[in-house]
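According to Swiss-Prot, the protein has these features:
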TOPO_DOM  1-77  topological domain 'Cytoplasmic'
TRANSMEM  78-104  transmembrane segment
TOPO_DOM  105-129  topological domain 'Extracellular'
INTRAMEM  130-146  intramembrane segment
MOTIF     143-148  motif 'Selectivity filter'
BINDING   Thr143  K(+) 1 binding site
BINDING   Ile144, Gly145  K(+) 3 binding site
TOPO_DOM  147-155  topological domain 'Extracellular'
TRANSMEM  156-183  transmembrane segment
TOPO_DOM  184-427  topological domain 'Cytoplasmic'
Amino acid sequence: MTAASRANPYSIVSSEEDGLHLVTMSGANGFGNGKVHTRRRCRNRFVKKNGQCNIEFANMDEKSQRYLADMFTTCVDIRWRYMLLIFSLAFLASWLLFGIIFWVIAVAHGDLEPAEGRGRTPCVLQVHGFMAAFLFSIETQTTIGYGLRCVTEECPVAVFMVVAQSIVGCIIDSFMIGAIMAKMGRPKKRAQTLLFSHNAVVALRDGKLCLMWRVGNLRKSHIVEAHVRAQLIKPRVTEEGEYIPLDQIDIDVGFDKGLDRIFLVSPITILHEIDEASPLFGISRQDLETDDFEIVVILEGMVEATAMTTQARSSYLANEILWGHRFEPVLFEEKNQYKIDYSHFHKTYEVPSTPRCSAKDLVENKFLLPSANSFCYENELAFLSRDEEDEVATDRDGRSPQPEHDFDRLQASSGALERPYRRESEI
């Protein structure tokens, strides 16, 4: 079989690039490992950092008819200026339509002739031309009621048209108010106050490599039944040679144990344990520098005020995942309450003792974990640096700082670990 016959007409890459994918995407577990390291291909983000999906629809059959068939959803989804323009045109069209009808009735009844030549009661009083008929239409639909123009019993058709215009006006008003209230009450804007960390990190947690990212709520109102989920999106070539440009793979964030449901009062670090079932099981730090994938993270819940479901989204490319880093603490106990410092929300500090190999190599005992004392030492340094900042602030207020017995005890217990004291941001 020739190369031309193997070419996929639906593939977005050339046949040479297909061959490259076959080499770099194969692995023992289907997700990586055993790769030939090449330079990273520049890929487009599928989900932007602000949650918008980077897609564009094209060649849709009967798009206008389908959108008009669901007019209410169309009005809710479009921008405010377009929605207000549509309703303004709807009002003008209805006023103009019934104005023309009343003018035609007046012409047919002879109401536009001079008063001395008529000799009978007009259908609509004080309507002597099209402009007067148009004003009468506006007064009828908006119930202004100036009192100069009114319909008489002379023409039943005119009475029927007044009733019809009143019904049409109520329908337009109801539709407009409903669409505006639905648009204003949408929980979409609630996602603007739900925050994701700029980067995700990979570090050890309880002796296992874990992928972590941080979420936060900028409002005091809660997100009811908040839960998170994540998906890994990457191109893949099947065993039959089919190229899938955006293959979606679920990432477990503790669904079976209920860990995906969170109480989002303070910022929380979401954790994905990189185990045998993880798509990141065979990826090491070196693989992370050359791999081509995107992790989409989703936070869902109900808005406390309206009980409507909202969804916040973000994503992390491979170069936005920091290997061997941890997030700086943002929650501190202060007097009789807890203080959340969002200036540290996106900040991380490096943990040099994090293994550079993949989780698969760790399971196969190809990497010797450092002693637990080293991790404890780094964690205590991080918190002691925070205590030092509190003591400096206390000294500025004129109160004597507390003695630094904790740090002396740490230096005495560290033994062979002769490291100089550094601030948290330098770890």
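For all residues, glycine too, the Cβ spot is worked out from N, Cα and C.
Beyond its flanks by at least six residues, the intramembrane segment (130-146) meets 91, 94-96, 98-100, 102-103, 106, 124, 162, 165-166, 168-169 of its own chain at Cβ-Cβ distances under 8 Å.
Packing against the transmembrane segment (156-183) from elsewhere in the chain are residues 72, 75-76, 80, 83, 87, 90-91, 94, 98, 101-102, 105, 123-124, 137, 140-142: each is 6 or more residues past its ends and has a CB under 8 Å from a CB in it.
A mean pLDDT of 79 is what the model gives for the topological domain 'Cytoplasmic' (184-427). Here the topological domain 'Extracellular' (147-155) has Cβ contacts under 8 Å with residues 105, 109, 120-127, 132, 135-136, 139, 162 of the same chain, all six or more residues outside its ends. The C-beta environment of Ile144 (K(+) 3 binding site), restricted to residues of the same chain at least 6 apart in sequence and closer than 8 Å, consists of Ile138. In this structure, Ile144 (K(+) 3 binding site) belongs to neither helix nor strand by DSSP; it is coil. Taking Cβ-Cβ distances under 8 Å and a sequence separation of 6 or more, the neighbours of Gly145 (K(+) 3 binding site) in its chain are Glu139.
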